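Chemist: So TrEMBL lists the following for this protein:
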TRANSMEM  B:6-28  transmembrane segment
TRANSMEM  B:35-57  transmembrane segment
TRANSMEM  B:63-81  transmembrane segment
TRANSMEM  B:93-116  transmembrane segment
TRANSMEM  B:128-148  transmembrane segment
TRANSMEM  B:191-213  transmembrane segment
TRANSMEM  B:225-246  transmembrane segment
């Protein structure tokens, strides 16, 4: 089992400056902040989708010394809104997901032959997570992974995600708004306020 | 059989009919009488000037003048490619990519056709070289402009898809693969359509011209086939080159999609 830390050193993008953060293997760090504060852009910097300052390390591997697509395959960003380009759901998967995984998210094998145009926002979000995790990443960046799901489904997906993260020991940066969700999943919580990261509490009394 | 002489007053008759058309479009308030008349005027002036240039060129028959003329045509075509884009690549890249790909394809095909296939004496004889290059450049320009425009426009509209594919760890060539193929197809399509319709729906301009000038239809047909193939080669390879380089330019060394390298769309 690989266990690597995800380490941000002096990362700066947009308004955010000098972000330093180490996420241990299997640890979930939640990130919150007002909309427009740069949470998503920080994730994009960590995935190296936008020019930024600073360095990100996955174990001993530096972002700047890894080809872009190799880095992004390892440090997998799952956006809040997933995009689909082929005709059917199954065409977007590198390998067919296991039945158990499909069922855990409320799907069946049939889902793979569904037309993408027919998917609802919530279905897209769940399938987007499954699609990303199927590519065998080594760290996860989740942008509001349960934002478009109703309460019950959201908790089910959340439980499934945290189980996967613990099992594979992926260091995870998780953007979340909901305090209760942060309390359930995170071991640490950082808030973005006026261009800086500050440590927030995980659980509210 | 020689060509029947055309005098300026006979052209004036045709011009008068264009003016009548402009009158009709004005009456219908299509709002294009002005541009119609300006375009007609440009045709007269530009063709008259090029007639003078060609007469001088044919009289001199010097390689250096032919090359200069060819370069001027190439640069104007490059500018035209740029003018036809909704979104240009900043920093002169659209002009550069357009000009370079047209240079590589059109000039290579023109020189090969002249030296290997037609073989006039000398090979750069302007009566052959300039019209051939003109037809090649004109068509290649259309293909390259269409394909680049399709490429940048689709990349902008499908930004989310491209970036999501990058997030999943796909190399840039895969992430933009569909869009790239679509752009290449749109550049090649006009020429394939033209070949498919040649002689059945339309009589190609050069063949018509040669027949009017008294060439036997059999020979005119052979020349037309040669030209169509040359144009297809030029357009095809020009389009492939332009889209390949253009799509690379949409990504940086870290394989990030860089739409900030495009200008804002023209309204």
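The backbone N, Cα and C atoms fix where each Cβ goes, glycine too.
Remember, TrEMBL labels are computer predictions, not curated facts.
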Chemist: To the transmembrane segment (B:225-246), which of B:6-28, B:35-57, B:63-81, B:93-116, B:191-213 is linked by the most Cβ pairs under 8 Å?
Modeler: B:93-116
Chemist: What stretch, picked from B:6-28, B:35-57, B:128-148, has the most CB pairs under 8 A with the transmembrane segment (B:93-116)?
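Modeler: The stretch I would name here is B:128-148.
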Chemist: What parts of the chain pack near the transmembrane segment (B:35-57), using Cβ distances under 8 Å and only residues at least 6 beyond its ends?
Modeler: 15, 18-19, 21-22, 25, 65-66, 69, 126, 130
Chemist: Please indicate, using numbers and ranges, the residues of the same chain that are 6 or more beyond the transmembrane segment (B:6-28) and have a C-beta under 8 Å from a C-beta there.
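Modeler: Cβ under 8 Å, 6 or more out: 36-37, 40, 44.
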